[in-house]
Amino acid sequence: MILNASDLGWDESSGADPFSPLDQLDSSSTYEVPPLTVWGVALCVSGTLIATENAVVVTTILATPSLRAPVFLLLASLGLADLLAGVALILHFLFLFCVEPSDWSELLTSGLLVTSLTASLCSLMGVALDRYLSLSHALTYGSSESRHRAAILLLLVWLGACFIGAGPAMGWHCLGQPNTCSVARPLTRTYLSLLCGGFLVVVMVTLQLYAGICRVARRHAHAIATQRHFLPTNHSYASKHSSGRGFSRLIVILSVFVGCWMPFSLWGLLGDASSPPLYTYATLLPAAGSSLLNPILYSLRNKDIRKVLLQACCPHRCSQNPQIHYPVDV
């Protein structure tokens, strides 16, 4: 699930396996830190940006008592998962260019990445489920029972993510058996196939939830249309305009979601250790990049979170006790 120093500047014509630098080191020689590359700088910068923006989101939600609706708990979980993904990228950079690589460092970073990406994807599915329930059960949305269910769901998500991420450290790796490696060393092909198969299932369930959201939204729009002769003209136009913007945002969210997660999920099932590492990097990069886009597409688009951030940055522009509501961003 990680890239080694030689992956950042490999030569495919050499025939060398860039995912096995430890096998090529001479134990009698002194380890030399590889020179810093453009890919290494991009790795560190992206990890820092991901960790910073998600830390802001998580801190904002946890420090604001009024942000306790189920959607905010799910956004906090999503931010925490993406924060850990940023930390994993930073640790990977440090292990590549600052300290001598070892088996435990590979297992640590790969396990942390698996945990964070699994929790992030499941949290995205939870956000879709929350949006569906908030539309289909609008009267009970935001109740204490809903918050309790969301907390239980998140607990199960994180327990499952930690269990899955602990697989490499518990012995499900290929460090001693290179022939069993997958496209992402040190994960075995069996482990990665199961992981990517699970990712595809979560992606499909999430798409089904958004399809359900569209059906519920169409029913609501039809109900409004049947009463349009009771509404003033400007209200009818505002309703149509809001609905159009909602579906446009939905298309953007789904496009980013599928574009980030589908490539690596398919490549992990189809590729093997002999596959070109360039393809692994090209498909894993969007999955990690989703951690950079999630706060922009989900958390920072929420009016209540933006209001809290604006109040913290410019308190003179906000009232002392802003009223919190629970919008549903379709």
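Glycine is treated like the rest: Cβ placed from N, Cα and C.
Residues or ranges marked as domain 'G-protein coupled receptors family 1 profile' in TrEMBL: 53-298.
Among the features that TrEMBL reports, transmembrane segment is placed at 38-64 (among others).
Annotated transmembrane segment per TrEMBL: 71-95 (among others), in sequence order.
Annotation source TrEMBL lists transmembrane segment at 107-129 (among others).
Within its own chain, the transmembrane segment (150-171) has Cβ neighbours under 8 Å at 1, 70, 73-74, 77, 81, 107-108, 110-116, 118-119, 122-123, 126, 130, 186-187, 191, 195, 198, counting only residues six or more beyond its boundaries. For 150-171 (among others), the entry in TrEMBL reads transmembrane segment.
The transmembrane segment annotation in TrEMBL covers 191-211 (among others). Panel annotation: around the transmembrane segment (191-211), residues 1, 114, 118, 121-122, 124-125, 128-129, 131-132, 164, 167-168, 172-173, 182-184, 250, 253-254, 257-258, 261-262, 264-269 of the same chain, lying at least six beyond its termini, place a Cβ under 8 Å from a Cβ of the stretch.
Summarising the annotation, TrEMBL assigns transmembrane segment to 247-266 (among others).
Using a Cβ-Cβ cut-off under 8 Å and counting only residues 6 or more beyond its ends in the same chain, the transmembrane segment (278-300) has close neighbours at 1, 3, 7, 10, 12, 46, 49-50, 53-54, 56-57, 61, 75, 78-79, 81-82, 85-86, 89, 113, 116-117, 120, 124, 127, 183-184, 252-253, 256-257, 259-261, 263-264, 266-268, 271, 306, 309. What TrEMBL lists as transmembrane segment is 278-300 (among others).
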